[in-house]
Amino acid sequence: MSKEKIAIAYSGGLDTSVMIKWLKDKYDADIVAVTGNLGQQKEIENLESKALATGASSFHFVDLRTEFVEEYIWRALKAGALYEDVYPLATALGRPLLAKALVDVAVAENCTMLAHGCTGKGNDQVRFEVTFASLAPHMKILAPLRVWEFTSREAEIAYAMEHNIPVSATKKNPYSVDENIWGISIECGVLEDPMIAPPEDAYQITTSPEKAPDTPAVVELEFVEGVPVAMDGKKMNGLDIIVQLNTIGAAHGIGRLDMIENRVVGIKSREIYEAPAATILHFAHRELERLTLEKSVFQYKKNISQDYANIIYNGTWFSPLRTSLDAFVNETQKPVTGLVRLKLYKGNVTLLGRTSPYSLYNEALATYTEADTFNHKAAEGFIHLYGLGLKTFNQIHKG
């Protein structure tokens, strides 16, 4: 009788490395380790040998970068999705795609169980399990970190050392880092005290603004219907645009974020993020929207942006609400076409210029020179009617 198979989302980090041996011993099952490439820079070529040496029966590496950019990141960018107005949702965006890839491999490998390495008080457990339940309701879900005997990362490190499991985390390097092409999240260690500034060794890719070049970088981005298509006059695919902006932005200290955020599970947490490309692209996209969107659409879309961010953050990507909001967002993005020129300097993104064939800015109406075509006399009647309701109210209640 063949053993049952468990497909696990494997990153090669502390939790999932320990998890392979723990699950194998507890369930006497074959472990199918699955790693998705979302553009993380850390070493990935040794993951297969590491997973197999740790006890996995097989290893699958799935390149998800293009799908991640085109079907996830660009949707979030067009929606203007920043969780609580700050977080560009790098980790949160990657989870439903990783979960989907894990389900695909699990089905192909005839697995009966799905496992993730998320903590019992984090957001990712929700994102993975809601996606699993949506796409593979027949499979059993395992969450070892909610039930195993290890009560701290130090205990996991000790277990790994005892069983010769190679891990990069040590008691001297306690940070938990999650990375993809859209950003990096950094937790644990001294970062758990919100009054302590993040040490420089916590940051993975960005240069400190104080040490950034004294000469700014200037970049020009072209958008078509809300999607970046070119950089500095050169047509490029989305993946390459993000890679280049991450490199340039990181060198100039762009995209360092430090926030207290409200988790799905009801607690507040202190999060450190690095997101150079996301910071630059959201800034540029928003400025192009200011130029091209009609006032009521621009202002109403802010509500949709937060709703969309909540959907991503809360793990309900595969929902009818998200697909319905996509339809609204796509309609708003039809005129969001044009060029945006930016300056990157010591941690700051500054707007230098923008233009669009669908610009609603009319210089002849806005100017205060002799070229002015605005009908000033019309303002008197407009103001009278505009303020009539308040005038009437105050006459009655203050009379």
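The backbone N, Cα and C atoms fix where each Cβ goes, glycine too.
Note that this is a predicted model, so its numbers are computed, not measured.
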ATP site partner of A9, Y10, S11, G12, G13, L14, D15, T16, S17 (as recorded in Swiss-Prot), chosen from G55, G80, G94, G117: G117
Further L-citrulline ligand in Swiss-Prot, beside Y87, N123, R127, S176, E261, Y273, within candidate set S134, S185: S185
Spatial neighbours of S17 (ATP binding site) that are distant in sequence (at least 6 apart) but have CB under 8 A: K50, T54, A160, I165, P166, V167
Local Cβ density at S11 (ATP binding site) - other Cβ atoms counted within 10 Å: 22
Beyond the site residues A9, Y10, S11, G12, G13, L14, D15, T16, S17, G117: chain residues whose C-beta lies within 8 Å of the centroid, for ATP: V18, M19
Span of the L-citrulline site, taken as the largest CA to CA distance across Y87, N123, R127, S176, S185, E261, Y273 (Å, rounded to a whole number): 19
